[in-house]
Amino acid sequence: MRAKVRAALDALYMKRLVRELEGRPRPQHIGIMLDGNRRWAKMSGIDDPREGYRAGGAKVLDFLRWCDSAQIEHVTLFMLSDDNLARPEEQLNPLIDIIAEVVEQLAAPGNPWPVEAVGALDLLPAESASRLKTATAATQGRKGGTKVDVAVGYGGRREIVDAVRSALTEHSSQGGDIDEFIETFTMEHISKHLYSKTRSESDLIIRTSGEQRLSGFLLWQSAYAEVHFCETYWPDFREIDFLRALRSYSLRERRYGR
């Protein structure tokens, strides 16, 4: 009985949130840090942290459907940082396998999302990197769904360094010298060589689990992003929590440094 009452109240509250968002500004690019999977498992009395990651992976599909409903154009999912790659293999490899499974689910026929894996994929186990590339390649050309970047082996500082290297390599391959490169180098060169082909700046970054730091996520793209911290662990993240984040964004005055 109590569960039914709670569900009814949640449904009413969601309708209210949807009404409040009507005609309000919405982010076009959301970056979300899927944090708290291991702590969720521990809180739930589950000894195996992999079950927390699996629960978090299942939540991804729900989240993307909410983004479709809210007409969000672009989402970046922060699933594995480059710092995480230093974890022991017995912890890391199962997590990477779960991420690959999630990406393969997103790529399954019938789903609308074009998916790209962004990050230092060359640092991943070769088989896992191949699975990610194969799955994401199958989604290219899709239209109608939210564009999804899956950040795996991702670090914001590494992305900027790699972008500069890529820009320098391109310049050199065209016969340019280093002095010319230094003289003509601009911020646009970095933006052009970031991991994601979409090249859109982030409007809103959401981090679950109550942690209040960005940990290098979308370091270049988040210069003017609004940030929303949510206490809920990622596997328990609800559409209500998502709509609250959108409402928080809609009520802010974005100044873009002015």
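Glycine residues also receive a Cβ, built from the backbone N, Cα and C atoms like all the rest.
The active site annotation in Swiss-Prot covers ASP35. Look at Swiss-Prot and you will find ASN84 tagged as active site, proton acceptor. Residues annotated as Mg(2+) binding site in Swiss-Prot, with sequence analysis given as evidence: ASP35, GLU226. The substrate binding site annotation in Swiss-Prot covers GLY36, ASN37, ARG38, ARG39, TRP40, ARG50, SER81, ASP82, ASP83, ARG87, ARG207, ARG213, LEU214, SER215.
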Ten-angstrom check, please: count other Cβ atoms within 10 Å of the Cβ of SER81 (substrate binding site), all chains counted.
20
How many other Cβ atoms are found within 10 Å of the Cβ atom of ASN84 (active site, proton acceptor), counting all protein chains shown?
16
To the nearest whole angstrom, state the Cα distance for the pair GLY36 (substrate binding site) and ASN84 (active site, proton acceptor).
14
Counting across all protein chains present, how many other Cβ atoms fall within 10 Å of the Cβ of LEU214 (substrate binding site)?
17
All-chain count of other Cβ atoms within 10 Å of ASP83 (substrate binding site):
13
Here the recorded positions are ASP35, ARG38, SER81, and the Cα closest to that of GLU226 (Mg(2+) binding site) is found at ASP35
Is ASP83 (substrate binding site) helix, strand or coil when read with DSSP?
helix
Counting Cβ atoms within 10 Å of each candidate's own Cβ, which of the binding-site residues ARG38, ARG207 comes out highest?
ARG207
Could you round the CA separation between the residue listed as 'active site' and ASN84 (active site, proton acceptor) to a whole angstrom and send it over?
13
ARG207 (substrate binding site) and the residue listed as 'active site, proton acceptor', compared by Cα position, are separated in whole Å by 17
Among the recorded positions ASP35, GLU226, point out the residue whose Cβ has the most other Cβ atoms within 10 Å, with all shown protein chains included in the count.
ASP35
Would you mind checking how many other C-beta atoms are within 10 angstroms of the C-beta on GLY36 (substrate binding site)?
24
Taking GLY36, ASN37, ARG38, ARG39, TRP40, ARG50, SER81, ASP82, ASP83, ARG87, ARG207, ARG213, LEU214, SER215 as the record's substrate-binding set, what's the max Cα pairwise distance in Å, rounded to a whole number?
24
